[in-house]
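Please read the structure below before turning to the comments.
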Amino acid sequence: EEPVFLRKKITLLRAFSLLIGSMVGSGIFISPKGVLKNSGNVGFSLVVWFACGLLSMFGALSYAELGTRITKSGGHYIYILETLGPLPSFLFLWAEFFAIRPANSAVVSLAFGRYLLEPFFAPCAAPLPAVKLVSLLGYYTVLTLNSWSVSWSARVQTALSFVKLLALALIIVPGMMLLARGQTENFQDAFDRQSLVLDKLPLAFYAGMFAYSGWFQTSFVREELIRPERNIPLAVIVSVITVIVGYMLTNISYYTVLGTQDVLASPAVAVSFVQRAFKSLISVVPVLVALSCLGTMNGGIFTFSRTLFVASREGQWPPLFSMIHIRRHTPLPAVMLMFPLVTAMVCIGDIYHLLNFFSFSRWLFIGLATLGLIVHRYRHPELQSPFKVPLFIPVSFTIICLFTVGMSFYSDPVNISIGCTIVLSGFPVYYLVVCRQMSDRCRSLFYYLTHKLQLLLEVVQQEIKTY
């Protein structure tokens with residue numbers, strides 16, 4: 001009865017909520033342990049948190065310019081494709097699908113399950129099978145929501161963004177009150193040089209940048225944004241500044257109440273904080289944190305499905321995944337594709353190993369995307385972008401990303417080597433599957449299966465060009 005395409009339903013408020021909802025998730029509630037462990041002391045861990053925030057701002061500003069130069073959705077994938085070519089963009093897509101995104105979703109899902117169950121089993125740890133079961137139920141809930149409606153996904157994301165800010169406020173306010181009363185003993189010798197572990201510094205940055213990750217989410221849904229040339233830069237700047245201030249105050253609150261050993265020993269830092277500082281909220285804060293993780297899962301599914309959608313439209317992924325449900329107007333096949341891998345990683349994974357595992361690939365390709373901005377400026381000096389950042393911002397961000405990626409081989413060679421192997425395994429796939437022509441028999445079978453799945457899922461190709 002009406003054209004089938006992805007509508008422009010993301011306003012400035014929804015863009016802001018998508019960014020806040022994606023950044024403030026499990027990271028600030030689990031990463032303090034990883035940052036402290038790999039930096040060595042309280043003072044230097046706070047420096048790492050601020051540096052990660054500043055680095056995120058540099059990356060976000062670079063992506064805001066890319067989002068005004070390149071009018072397609074797809075985030076990292078489309079930026080690398082348009083600036084560096086099809087091979088690196090396919091390698092990103094390969095690593096994103098088989099390593100980065102499922103591992104990221106598994107980390108957030110496990111944090112959701114752990115925080116939701118923690119109050120029911122305190123002071124004991126929640127049983128791991130129960131944590132994994134609840135984690136999967138949470139992931140499947142937001143998967144169903146994204147399959148059902150774009151509008152409802154955006155509304156839930158907006159509501160959960162306010163829940164996230166409330167959760168941070170309930171940690172910041174008690175901590176600041178205790179700090180004002182003179183409780184500063186945990187900050188004595190904050191920069192003790194003997195406890196520094198400089199060889200693990202890239203892993204500290206990975207943990208911190210994981211907490212900030214999400215500043216790039218509007219780039220994935222560029223075609224669905226209302227007035228993107230205005231709303232992308234505005235949403236990015238306001239949201240990243242808000243998160244930097246919130247994260248710094250949250251970490252100061254943690255260290256006001258908890259000592260170094262308390263943070264390192266805690267499986268859920270926010271719960272340990274509330275148990276020590278604000279016992280009347282012992283059952284409230286973990287639930288708010290779990291809802292924060294739910295918002296991050298929702299934002300991740302919402303945006304990554306657009307990457308698969310665009311990659312399929314560009315001919316580097318099966319055509320079924322560029323199709324849209326005829327009534328719901330959601331990219332249903334792209335939304336549903338991730339759940340087997342996420343399920344597997346939740347069942348077998350551990351949060352901190354998964355975090356190092358996917359961070360290498362993620363920051364490698366983010367660095368390549370901002371390198372692509374520099375290349376795009378050089379190739380197209382005549383292009384007048386409505387938003388332009390000083391050149392030192394993408395240059396600095398690219399150098400730091402690639403340097404951190406290189407250093408991480410020394411810090412965690414096993415997990416990083418696995419991530420590197422997954423990226424390199426995309427080379428033969430690209431040349432054997434993407435570049436080569438299929439035989440007539442294979443092509444007929446492929447189109448037959450695609451047609452049957454299309455009928456089953458009630459999906460068709462997009463009918464209107466949105467970029």
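Note: Cβ is positioned from N, Cα and C throughout, glycine not excepted.
From a predicted model like this one, the values you see are computed outputs, not experimental measurements.
Taken straight from TrEMBL:
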- 12-30: transmembrane segment (TRANSMEM)
- 42-64: transmembrane segment (TRANSMEM)
- 76-100: transmembrane segment (TRANSMEM)
- 120-142: transmembrane segment (TRANSMEM)
- 162-181: transmembrane segment (TRANSMEM)
- 201-220: transmembrane segment (TRANSMEM)
- 232-257: transmembrane segment (TRANSMEM)
- 277-297: transmembrane segment (TRANSMEM)
- 332-354: transmembrane segment (TRANSMEM)
- 360-379: transmembrane segment (TRANSMEM)
- 391-410: transmembrane segment (TRANSMEM)
- 416-434: transmembrane segment (TRANSMEM)
Proximity of the transmembrane segment (360-379) to the transmembrane segment (162-181), 3+ C-beta pairs under 8 angstroms: no
CB contact flag for the transmembrane segment (42-64) and the transmembrane segment (120-142), at least three pairs under 8 A: no
Stretch of maximal Cβ-Cβ contact with the transmembrane segment (201-220) [cut-off: under 8 Å; candidates 12-30, 76-100, 120-142, 162-181, 416-434]: 12-30
Among 12-30, 76-100, 120-142, 232-257, stretch most in contact with the transmembrane segment (162-181) (C-beta, under 8 angstroms): 232-257
Recorded stretch, among 12-30, 120-142, 232-257, 391-410, 416-434, maximising Cβ pairs under 8 Å relative to the transmembrane segment (76-100): 416-434
Long-range environment of the transmembrane segment (120-142) - Cβ separation under 8 angstroms, sequence gap at least 6: 105-106, 109-110, 112-114, 153, 156, 267, 271, 275, 282, 290, 293-294, 297-298, 301, 339, 342-343, 346-347
